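Q: Have a look at this one.
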């Protein structure tokens, strides 16, 4: 059985080029993970997700525990078989979406109880139950349950939340060590909002427990790109060099470039698929809205150089038409294009780090990407 | 340039095994044509439509003339390039959907005028304009404009309508001969409701004009399967043996088997894709509703013997989950499965005709297909 691991191959400034090893396959980092919320990357076939170059996808514990339930997925052979994805899967703990989606939340030292946003049914999510669910799903990279504080949050409230998350980290680790199959990994999550000393306290507390990878949580919640980058700058240097670092829920293409420059290895975000469903296409010259009338007669594809069929084989005029006609294929083709764009961006970043020219790459990318906006 | 043609290879009773030849490829008959209403087979990628075995698809003149317009599609290189389908495309005349979808219709000898159901804009569709549109689209097999009478319709009103459709057939042919590229074909449409002598009058009138193929219209409009089959029995013997026969807008799997038994070569219907979007899956044991709770824990696929990924690679429980979660992929996978089922049915019928055992095949198919209902 392959064990979970991380190998750092090269650096360029603070940017890191590595490989995460899992029993289900390798993940070249920096890596972007498409989000498969409810056991499907929305509007996509897994075959096409894989063809974009994605080596790992993310599943949402909150959504899956409510529907169709972790026990049902386990009976059906686990999440990989259920949705037909053969590579590694990372799951979140469910905590973030309890905070953003569920009703009537009540948080205690023991657990968070809440009502399902789907049918109002009552549920309890403790650190132990979250780990149990993630193992029922068969997740390869699991997250500790943490409290996800809002932004902004006062310093003392943030510290209190952070300490709870550290206690939950310890309980998550104990549950994981008891339950998880060989080769699976549990990540601790660094919290502390935008307070440098709290980020330090959180990182040190987690490292004391010891995890094979560290997530950075509590960002991309409204603090703005500047504050996010400043927080990364004080956080990533605290983390062990020989473990992967995952920035949760980020982000826009320029967020990814800036976060890689600050030592992040892994990302997930609904943006490429959600934007795609709403007609936004990412391009090297910045995002465009394909529904705009200016594309009605445009015979050019989104990216003739891409090897993604959605980017290369259809006129913008066709994509525009599909959106106007309300066709399913509109969402599929634009989600697909955006995922391919994100993977191409990650590939370019990986190459730039290997060549130790990341800073120049980032400047060139941002210059072109922001030129039209 | 290949010219349009039809070769009859074998018969079994009245069932016919043939090949339609077009410049864009061959069509093995009996054939089922998936419907690509608005320049997309709903919820499907063209690559996957082709992989089911479909050799020709249908486009709807009414929808395309309104959005994005025939002139725009022509500027963009024609319908094949626009939607990425390389095989032959058949288009209807637009008449049927003017009758079923448009508002404020007014029919004269010259043309039908109507308001778009999308934006209320006014349009005129004459036999000449319909042919012009179909040629702008680049359609390989075009339909004459006809009047599509309702069912039931009184005998005298039906006769009057039929005579108008014959005059329009003549005008359609003249316009087609003037406009169409080599290798394209125009079909005449037999009308006459459920009145045998009117079907005869219509067929003879069309054959006098002379077409390379004949459609049977005015069926599957509420007359029921018995009346449809009776009408086919008096209609197909009137048509030339060396030309393809296309039954428009049909139908359910058992309709197809019964119509092939009565000498029909080509079909189109929205049923496999529309039903798929609503959770109905066709199987050799009859249709099932995958949304039913009975499938929530069912680990078996819709058809383990199929080489269609949608039929073979996903548990019914997964499909059930996708519908409950309202995921795009639900519509895609079930449309795909249903199209693959329809193509597999056509393949089995073609083989049964080649082996001159169509009657036995039909009996076996219907016995199993209807066993669970």
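Numbers run from 1 along the shown chain.
For all residues, glycine too, the Cβ spot is worked out from N, Cα and C.
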Q: Can you dig out which of the ranges A:249-255, A:256-262, A:263-269 TrEMBL describes as region 'RNA binding'?
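A: In TrEMBL, residues A:249-255 carry the label region 'RNA binding'.
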Q: According to TrEMBL, which stretch among A:273-277, A:278-282, A:283-287 corresponds to the feature region 'RNA binding'?
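A: Based on what TrEMBL states, region 'RNA binding' spans A:273-277.
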Q: Going by the substrate site in TrEMBL, where A:92, A:93, A:94, A:95, A:96, A:146, A:191 are listed, which of the candidates A:59, A:120, A:218, A:222 is also part of it?
A: A:218
Q: For the C-alpha pair, I'd like the distance in angstrom between residue A:218 (substrate binding site) and residue A:92 (active site, proton acceptor), rounded off.
A: 13
Q: Using an 8 Å cut-off from the Cβ centroid of A:92, A:93, A:94, A:95, A:96, A:146, A:191, A:218, can you name the remaining same-chain residues around the substrate site, in sequence order?
A: A:99, A:143, A:144, A:145, A:147, A:148, A:189, A:217, A:248
Q: Taking the Cβ of residue A:94 (substrate binding site) as the centre, count every other Cβ atom within 10 Å, in any protein chain shown.
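A: Residue A:94 (substrate binding site) is surrounded by 27 other Cβ atoms within 10 Å.
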Q: Which residue among the active-site residues A:92, A:268 has the fewest other Cβ atoms within 10 Å of its Cβ, if you could check?
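A: Least crowded of the active-site residues A:92, A:268, by Cβ count within 10 Å, is A:268.
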Q: Are there residues at least six beyond either end of the region 'RNA binding' (A:273-277) with Cβ under 8 Å to its Cβ atoms? List them, or say none.
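A: Those are 34-35, 41-44, 287, 331, 333-339, in sequence order.
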Q: In whole Å, note down how far the CA of residue A:146 (substrate binding site) lies from the CA of residue A:268 (active site, nucleophile).
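A: Distance between the two Cα atoms comes out at 17 Å.
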Q: Tell me, by DSSP, whether residue A:94 (substrate binding site) is helix, strand or coil?
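A: The three-state answer is coil.
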